[in-house]
Each structure stands twice: as C-alpha cells, then as structure tokens.
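Peer 1: Pasting a structure here, questions to come.
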C-alpha cells in the first residue's frame, strides 16, 4: 500500500505529460523513462506516420471480405447496428473500393490543409508550429472528422470518378519521389563508402564485395526470369521487356564508369548501377507476376505458362511476392514519406546532391556543440531541437504525406481494376499494375542517367 501511494506522484507526472501532448503543445514521448531521449522533430514525424498507418490499416480492412465476414459472424446484432447507422445492409457503404476512396479523401484533405497551414514556418516557437508539433488528440479528432465527412459527399458517382483520376496523378508523382530517393540513396551510399577508402583500404574491399553481390543478384534474377517467365510459344512481352531492361542496366553500368562521367564525378563507381540494376530486376519480376496469366494449349489441355511453380500446380509465384512484396510496398511508402521530408532529401529531389543545405549543416553543428532544451518528467525525455530553426520543411512534409495518401488509395484498390477487388488479391494480375511497374523501371533508369549526365549538361549548377 505504501508503494502504491509513493507511485502516485510519478503517475500524475506521466499523466500530465501525456495530457500536455494530446491537448497541448508538448511533444509526444513514451511513458517509460528508460527509453532513450527523442528529438521533437523525430517525435512529430513518428506521430504523423502512426496516423498514416492507422488510416491505411482501416483501408485494408475495408477491402477485405474476410474481415467483413468475421465481423458479421462475431459481432452481435451486426445487421441491426448497420441499419441504425444508415450504412446499408451489412454495412455495405463502409466496405469496398468506394469506402476506401472516401477515407483516403479525408486523410488527403487532412494533410493538404496542414500543408497550407504550415507554409513558411522557420522555427518551432510560433503558434502554427505549436499546432504542428502538439495537440495530437485534437488533430486525431479532425482526421476522423475528415474521413467520416467524406461519406456524406453528394453525387457519389461523379465524385468517385473525378477523385480516381486525381489520385492516380498524385500517386504517380509519389512514385517519382520514391524512385528519386532510391537513386539518391545509391549515390549517398557510394559517396560514404568511397570516402572511407582514403582512411582504410578495407572500405575498398567492402565496396568491391557489395558491388559484386549486387550484380550477381541482378544477373541471377535475369537468368531466373529468362528460364521461368518466357516460353517459346507465348509471353512475347516478357521476352521483349526482359531484354530491354537487362540491356538498359548494362548501358547505365558502362555509362557510370565511362571517362566523361569519371572526369566530373570521380567518386562514381559500379555500386550505384548495381543498386539500380537489382531494383529494376525486382520491379521487372514484380511486373511479370502482376500480369494476368497466359495459357497455351498443349496435348488438348490449357496449360499456364510463364509462371514459376512450387511443389504443386496450385502454388504459383504469388507465394513469393504476396508476403514479401506487401511488406516492401508499405515500408517503401512510409520510408518515402519520412525520408523525403528532410532538407537534404528535398534538395536531392531537385537534383542537387553535392552539398548539404547550409541550414541543415548549421542545425547539425549546433546540436553537436550545444545542448537541447529537455523535458524532464516521469517518462521519456524530449529534446526540443527546433528552437532556432526547423530540421525539415513542415509544409513539404505534409505535402508528401498527401501524395502518399493518394498512392495508398490507388494501390489498395488495385489502381484502375477496382471493381470486385479484394485486399487478399492485392498482388494478383492486372494490366494496369503491370504497366505501372514496368514504366517505373524505365523512370528509375532515366532518373539515374539524369544524375550522371546532369553535371555535363549544367556544369555551373554542380560546381561546389
């Protein structure tokens, strides 16, 4: 009993801190004091990412007939509750692609409004910055209101049609951001490891080993798809695109080590084209598995071709892609939303990667030389690292999440093949998904080639 009363003051401190986070301007943190310190800028981005993941999970549930059936079987008076909510028979208006469109419309509106609201915020001391970094419970209520309000939009058919094409356009731009970040990641990786060679020759061995592994993986994937995803009598597109993508990977690899590129970018090596080649091969494989099945009549029987079978004919290549591909998909979405919002990455999206922006350099040096203001309480300490200047652009941060909302909507509903789609068939074959992934391969290669030839075309822009 004595221990209980002694713990009351600590509990009240933790409770007050969490209330200040939900209804005030304080940054959110964990209740456990043993957790390492967290920066306010990091805490804020994690909270918005949790909002994003929560709505995405709701969309996945709405597209799953399995979940719908489980709710119908296990929730008492489910039909009666749906009728009282005016949600139709068995809550039909709350499931399916139209419901996902409306929920994602609400999430997109939420991030779009914040993108406008946070324009030209330079530090975290103003009232607008306080709203961005705090009031999490109130913002959650606003997010729920936006998503719920979308279900009351009149002229539903017109709205869904127009919103579909708007979301497709936004999703395409988000895909470009993903691909551009991959190219920047390859360049940054190579730059970091190449600079280490000057101090320790082991870095050179590590660079050579990783490069060899990347190209070995790309060649192995090329051979694998050539064996299992081509057929003498069918799969003409597979043969053409496999040859094109393999040739393009070879061309960019030779271009990266060509004398004209090495003269202006001496740190460029085969590591970057290795990363790009592996990703292009993955996208090519994913595109082939997303294409509708092809059949060839052999011995009077329609036989499925260009599919990698396992132990039985009922298990196809979707077993490879379904779990692994879904995880990669949503991790890439979240990674793009978070990493593309730093000042360094936003500069990279403008094809300017020679130096870190001065503001970010100053903030990093300031954080190393001086301490942060810390919040001490019963839980995790929060370091307020944006008193003098923001670490990332608030408006751009919300803009990327806005585009990410559109990309999630189109991906979960299978882009333009939304009728009758189920989340369990997210990676099933459809021509729209096939072409999107195939075009993504070429865009990724074009972006990488652009980073190689840009210093030749615009030398003044890339002078240090």
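Glycine is no exception: its Cβ is also placed from the backbone N, Cα and C atoms.
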Peer 1: To which of the residue ranges 75-98, 99-122 does TrEMBL assign the term transmembrane segment?
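Peer 2: Here TrEMBL associates transmembrane segment with the stretch 99-122.
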Peer 1: Among 134-153, 294-313, where does TrEMBL put the label transmembrane segment?
Peer 2: 134-153
Peer 1: Please tell me whether the transmembrane segment (240-258) and the transmembrane segment (436-458) touch - that is, whether there are at least 3 C-beta pairs under 8 Å between them, with each pair 6 or more apart in sequence.
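Peer 2: By the criterion, they touch.
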Peer 1: If I count Cβ-Cβ pairs under 8 A between the transmembrane segment (46-64) and each of 134-153, 165-183, 270-288, 396-416, which range comes out on top?
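Peer 2: Between the stretches 134-153, 165-183, 270-288, 396-416, 396-416 has the largest tally.
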Peer 1: Quickly jot the same-chain residues contacting the transmembrane segment (270-288) by Cβ under 8 Å, restricted to those at least six beyond its ends, or write none.
Peer 2: 182-183, 185-187, 189-190, 193, 207, 210-211, 214-215, 217-218, 221-222, 224-225, 229, 238, 241-242, 245, 248-249, 252-253, 255-257, 306, 321, 325, 433-434, 437-438, 440-441, 444-445, 448
